[in-house]
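Take a look at the structure set out below.
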Ligand code: PEP
Ligand code: MG
């Protein structure tokens with residue numbers, strides 16, 4: 001039966017394709033006694049050899065599409081699978097206790113996992129525990145004859161349906177086959193949504209119930225522009241979606257004409273439009289969309305894409321590639337922002353009640369666990385600085401003391417490199433992200449010590465509204481046009497200008513077509529966004545007059561009580 005679900009429009013574009021369910025299957029079983037323990041051991045052998053075959057295939061596919069290094073994690077899994085001690089113990093358990101293979105497998109692997117996890121300070125052992133957990137799940141699935149979903153093996157056009165997608169799940173999606181994705185949870189600023197925009201995969205998040213409503217193979221019509229998905233669409237509905245897709249493609253052709261144009265408003269004022277990137281590979285998208293710089297390089301993806309901490313050399317190579325690739329245009333590199341929804345498999349962070357309010361980003365960099373990683377990153381950045389126009393910024397700064405500590409480490413690493421005779425640029429700017437209300441409120445004091453601000457509204461709005469950016473139940477509180485948010489932004493921009501510094505924005509709000517006129521009026525200098533939003537923003541700015549936008553922003557800041565009031569007066573300025 002045809003049914004429509006509404007979610008949050010997370011990435012523009014449309015698709016009609018079969019559903020591919022990326023959900024964890026039920027792997028529950030009961031412990032039973034068995035008569036024939038040999039037959040049970042044979043079932044185990046069969047599950048082991050099927051798991052091995054499957055892992056080998058996944059490994060080869062990963063090596064092909066992601067590279068040898070990425071494929072190494074599967075070598076570790078294959079090793080677990082052929083560990084004679086562990087497999088011997090499982091078989092022993094079957095024959096001694098006359099239990100089914102499922103229960104013997106669980107008992108023995110749980111024992112190993114517990115043992116490795118107890119070695120809390122040893123990252124290597126923690127990884128082994130994770131490997132065993134993964135492999136045990138695969139063997140169990142074969143014993144229970146349940147198919148585990150595997151996004152990297154998708155080889156036909158599909159719409160991926162999932163409860164949630166982690167950034168690393170999203171990175172694995174092959175654009176040639178994955179035509180869209182739809183999730184139960186998540187908000188517009190969750191990192192999987194942000195990645196979908198840079199990969200140009202249409203996406204809808206936060207539908208609440210898509211996994212409960214859809215079966216594998218059901219046809220879905222996804223409208224990522226409006227945020228709705230139709231299950232079992234009629235022929236008319238399919239044709240309608242195709243038409244929306246064609247109109248959107250025609251609109252994009254118009255925007256593309258502005259690729260080499262300058263960003264100037266109707267009254268001749270220039271604003272800088274930059275791209276947010278996650279890896280050097282994203283530079284292609286930045287160039288194709290006419291970026292005037294990189295306003296946010298999220299370096300944590302370099303850490304997330306690697307099986308272990310990236311070395312100073314690996315990082316130097318990546319930073320140099322980005323700086324050279326931008327040919328002297330500004331590149332703002334953010335130091336690692338691990339934590340929140342971005343985890344590293346090789347860095348075991350404690351489980352937290354509120355990861356977005358916890359141990360993340362600069363808080364890790366300044367702690368004893370993260371200091372070495374942070375200093376390595378700073379050295380790689382400093383060495384790369386001679387290859388372009390580098391700006392460095394620290395994420396999640398709450399206090400001036402944190403900024404001063406980070407800046408001190410930066411100065412120390414710079415002095416060491418200079419003493420070693422290494423060339424370092426002397427025009428590097430060092431700034432901060434404004435993501436925490438405390439820093440936004442105290443912006444006048446920060447402005448005396450930093451070179452620039454970049455406002456991270458994804459976090460700033462979640463912290464100001466106290467509304468988790470991943471939680472669709474409170475997504476109505478993601479209110480970029482609320483006067484409270486506008487006042488904070490104005491405070492930051494004015495504070496920067498009073499000290500002769502610049503203020504940019506790299507949160508999703510910078511590319512939000514409703515917010516752009518307000519931000520122009522507030523006087524923001526630089527707008528950094530998903531590359532795919534740049535040309536439509538340039539097109540919009542060309543039509544607008546800054547003095548009119550200033551009048552609009554002033555009224556929004558002084559006359560309005562609510563976001564709705566702001567949208568109401570907007571009608572007088574934008575048609
Ligand atoms: C932000 O918080 O607005 C931001 C740009 O950082 P991230 O989305 O990576 O948290
Ligand atoms: Mg942030």
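Backbone N, Cα and C define each Cβ position, glycine as well.
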Checklist entry - In TrEMBL, the residues 298, 458, 459, 469 are said to bind phosphoenolpyruvate. Which of 334, 445, 487 is said to bind at that same site? => result 334
Next on the checklist: Between the candidate ranges 34-61, 62-89, where does TrEMBL place the coiled coil annotation?
Outcome noted: 34-61
Next on the checklist: The record lists 298, 334, 458, 459, 469 as binding phosphoenolpyruvate. What's the largest Cα to Cα distance among them, in Å, rounded to a whole number?
Outcome noted: 20
Checklist entry - Among 334, 435, 458, 459, 469, which binding-site residues lie by ligand 2, judged by Cβ under 6 Å to any atom? => result 435, 458, 459
Checklist entry - Three-state secondary structure of residue 334 (phosphoenolpyruvate binding site) from DSSP? => result strand
Next on the checklist: Measuring Cβ to any atom of ligand 1 with a strict under-6 Å cutoff, which of the binding-site residues 334, 459, 469 qualify?
Outcome noted: 459
Checklist outcome for this item: Across the domain 'Phosphotransferase system enzyme I N-terminal' (6-128), DSSP yields 82 helix, 16 strand, 25 coil
